[in-house]
Structure formats: C-alpha cells, structure tokens
Amino acid sequence: MPIKVPDSLPAKEILNNENIFVMDESTAFHQDIRPLRIAILNLMPTKETTETQLLRLIGNTPLQVEIVLLHPKTHTSKNTSHEHLESFYKTFEDIQDQYYDGLVITGAPVEHLNFEDVNYWEELKDIMDWSRRNVTSTFHICWASQAGLYHHFGVPKYELDNKIFGVFPHTTEKQNVNLLRGFDEMFFVPQSRHTEVRREDIEKIGDLDILSESEESGVYIVASKDGRQIFVSGHSEYDPLSLKYEYDRDKAKGLDIDLPKNYFPGDNPEKLPFSTWRSHANLLFSNWLNYYVYQQTPYDLGAGI
Ligand SMILES: CC(=O)SCCNC(=O)CCNC(=O)[C@H](O)C(C)(C)COP(=O)(O)OP(=O)(O)OC[C@H]1O[C@@H](n2cnc3c(N)ncnc32)[C@H](O)[C@@H]1OP(=O)(O)O
Ligand SMILES: N[C@@H](CCO)C(=O)O
C-alpha cells in the first residue's frame, strides 16, 4: 500500500526519487476502494495443493480479494475429483463475459508436449486472448509462462538435456521496477522443469523486459512493458516439501532423477529440507497485487480495461 502524506511534505520528493510509493492527500481522497477480483486458472493435477499455496500468498495483503477458481472444461481431470471441481470451480464459459483485476495461470506437467498437443490448448488460447481484453494483469507460472510467451509473442520453448531441479540463486536485471521492489540482490527460487525459454529470443521482442534471471537456471521473470503480463519460470509458491515430493515420486517410478540442487541439508535426502524462498514469494505476489493490479485497475472494471 502507498504511504499517504501531505501534498507539500519535502520527504515526498526524496521518497519519490527512491521509487518509494507515496500518494499525496488529494489523490488518496479521490481513490475509490473495492475488493479485488482475482481468477486462478488451475492447470495443475494436484489442484488442492496449488490452491492452498496460491491463496496463502494472495491472502497476505491488506486488500480484500475475491477469488474464483477455474479449470479447463476441455480437459477431463484424472487426479482431481469431479466433486471437488463441481463444488469449487467454474469454467471459462461461466465467466467470459466478466472482468477481473488479476488472473493467475498455474504451471502444468505438459512441457514434453508441443503446445498444440495439450488437449486444452484451444481453450487456453481463448482464455489468454480474453485476458488481454478483460483482465488488468495476468501472472503466468512455469509452463503457463512458456505458453503465454509463445502464444502472445511467438517465443519458443526448448527441451533441456537435464531437468532444472532445485533451489537456485537469482538476481534482478533492472533498477526501479515495481515488481522487484524490496527484493534482495540475490534471492532463492525453486525451479522444476524440463524446458526453458531463452534470453536471445525474448530480447528480440520490444514489448518484453527480462526482470530477473539466474546464472544456473536461466530467465526467471519477464514482463510486458505495460505490466499487464507477467511470466515467471519458477515456483516461488512451492511448499518446503514440494521438491522432495517430486523427487520421491520420480525415484519411486525408477526415473533417472538427480537430487534437487541446494535443497536437502548436506545433499542428504534423508534430511528434511527447509525453505529459503518464502519471503521472496510473499514479496513477489504482494508487489504484483499492489502495483500491477490494485494501483492500475479501474474502479469500474468493465468500463476501464
Ligand atoms: C513445468 C511446470 O509447470 S511444473 C508444474 C507441474 N508439476 C506438477 O504438476 C507437480 C505435481 N504433479 C505430479 O506429481 C504428477 O503430475 C501426478 C502425480 C499428479 C500425476 O502423474 P502421472 O501419473 O505421471 O501422470 P497422469 O497420467 O496422471 O497425468 C498427469 C497430468 O498431466 C497432464 N496431461 C497429460 N497429458 C496431457 C495432455 N495431452 N493434455 C493436457 N494435459 C495433459 C494432466 O494435467 C494430467 O493430470 P490431470 O488429468 O489430473 O490434470
Ligand atoms: N515440476 C514438474 C516438472 C514436470 O512438468 C514435476 O516434476 O512435476
């Protein structure tokens, strides 16, 4: 939330120059406030886990947030019960005539497929096109970030020889960007993927900025210049044990999976890992909700986007 100060306070200019968000009294007086409307398109098979992880982060703000959960109608879910979807989820068809302040599109374990072979691809393309017209800012996670960069900007994804798997140090690439406000110079983020997007492809697109990267795990945060699309390759929302779960799962299947890097104490999978990315995750989501959603979205949603 911005700091509200008298219009003529000298500190206002100093803080403005430091990119601290200060709102003068006259602007604050005219600001109308209502709950934010955020939709979550949950493409993960483990829907209940992901709901909890995302709501934990989206809930960590003084703003009131109304959530609608969405699942793709054109995919029959194997791992989430019909009852759960019936009780708590809507589909795009139900909400397509509405407007939202924010949309989160989750990851999905479909990286090995061409985008066009994902059975809900046509529906997802419609949702991504709709998001340009009906949503103030959309936050794409992991596979969804690759899908969004491909659909909106033609950026390809590439198979990796080895899965990027672990918790990696990341750095910021730009100064004075609201999404990065308060980030440490180096921070940790879980990555768990078999594909990547590449800096050289993104740099060709004038409408995109690379905001954060990791020497080892590559591009992390990309944003459209207008802030209406955020693409995040990692899983800051993961619980402390999410990577352990994926590791144990793949081991049990007999897959050739390396230990997640920088994760188990002493690289000993018998020891419980601890999280080093929670504060980063909270900051990333609250910066997005504040600066890209709340401060940008019109009071009268339908009239303004
Ligand atoms: C790169 C990223 O975005 S990372 C995010 C993805 N990570 C995760 O989902 C982690 C948690 N997931 C898991 O552990 C596993 O997917 C499990 C245990 C839930 C299921 O694994 P498996 O038994 O190997 O695969 P299963 O045959 O059940 O299919 C898995 C999922 O693949 C997806 N999928 C597979 N083929 C397709 C396809 N052609 N089109 C669309 N989705 C597909 C579906 O989401 C499916 O699950 P769902 O029907 O419940 O939505
Ligand atoms: N995070 C994913 C990567 C595969 O899409 C997993 O290991 O389940």
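Keep in mind that glycine also has a Cβ here, set from the backbone N, Cα and C atoms.
Substrate binding, as stated in TrEMBL, involves Lys163, Arg249; the candidate among Ser192, Ser217, Ser275, Ser279 given for that site is Ser192.
Counting every protein chain shown, the number of other Cβ atoms lying within 10 Å of the Cβ of Cys142 (active site, acyl-thioester intermediate) is 26. The recorded positions shown are Glu111, Cys142, Glu237; of these, the one with its CA atom nearest the CA of Ser192 (substrate binding site) is Cys142.
Proximity of the recorded positions (Glu111, Cys142, Lys163, Ser192, Glu237, Arg249) to ligand 2: a Cβ under 6 Å from the molecule is found for Glu111, Ser192. The residues near the substrate site, meaning same-chain residues not in Lys163, Ser192, Arg249 whose C-beta sits within 8 angstroms of the mean position of the site's C-beta atoms, are Phe165, Leu243, Glu246, Tyr247, Asp250, Ile257, Pro260, in sequence order. Ranked by CA distance from Glu237 (active site), the recorded positions Glu111, Cys142, Lys163, Arg249 have Cys142 at the top as the closest. Comparing CA positions across the recorded positions Glu111, Lys163, His235, the one lying closest to Cys142 (active site, acyl-thioester intermediate) turns out to be His235.
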